[in-house]
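Participant: Handing you a structure now.
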């Protein structure tokens, strides 16, 4: 198969239940090379669950998931996963540089030796995300936006082809937002595929060329201009797009002022 036509992530009839309640119901879609995709949906829609079930972090009830037309374990070195910030132990005694260097483990293994070249590359990546001045700081001492950028640096060190990012833009300052967007667009232009669980509809058309609309079931997957409309928004969120965007604008102003 031509790499240009390679399917990076394909989900087939995926179902996930928690205590007999359906969280994801027969989800099927696929994403190819070189896209910047947002997974959108209300709280409880199953967005994070979709990532975790695809990566084997939780067990699906049924269905199959393939990355690059293979099971995850065979191609895990080609995939970078960024968890939600709330799931991280920020008291762990690790510096920002140490966190970035963890990205090497995907291709060196847990016991692989970290070389001076690796350290130089990690520091260069920290410069790229604007964290070189806090490289030796313990990760819990960072602001929310800096913490997100530190995990972005770790993902970049993995040199992956597919990036799955759970709420990358949640509760970050505007400087971190702009830096992160620039990095993601560079990756997309290099032929990488980036998937971000996202909440703010007011940014979607400007940032993402593809969307996955989800509310326990798949509403739409495809180019943003084709999928994002009044009908699909109503199916996903249960309200009109104008009201939803007004609410999100107010919450976004509070969000960017809090970091």
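Using N, Cα and C of the backbone, Cβ positions are placed for all residues, glycine too.
OK, Swiss-Prot features for this one:
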- 3-241: domain 'ABC transporter' (DOMAIN)
- 41, 42, 43, 44, 45, 46, 47, 48: ATP binding site (BINDING)
Participant: If you average the pLDDT over the domain 'ABC transporter' (3-241), what number do you get?
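Facilitator: Mean pLDDT, the domain 'ABC transporter' (3-241): 92.
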Participant: For the binding-site residues listed here (41, 42, 44, 46), which one has the lowest count of neighbouring CB atoms within 10 Å of its own CB?
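Facilitator: Sparsest of the binding-site residues 41, 42, 44, 46 by Cβ contacts within 10 Å: 44.
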Participant: Counting every protein chain present, what is the number of Cβ atoms, excluding its own, within 10 Å of the Cβ of residue 48 (ATP binding site)?
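Facilitator: 18, counting other Cβ atoms within 10 Å of residue 48 (ATP binding site).
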Participant: Mind giving me a neighbour count for residue 43 (ATP binding site)? Other Cβ atoms within 10 Å of its Cβ, every protein chain shown.
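Facilitator: Around the Cβ of residue 43 (ATP binding site), 6 other Cβ atoms lie within 10 Å.
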Participant: How many other Cβ atoms sit within 10 Å of the Cβ of residue 47 (ATP binding site)?
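Facilitator: Total other Cβ atoms inside 10 Å, all chains included: 23.
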Participant: Cβ within 8 Å of the ATP site's Cβ centroid: which residues qualify beyond 41, 42, 43, 44, 45, 46, 47, 48?
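Facilitator: What remains near the Cβ centre is 49, 214, 215, 216.
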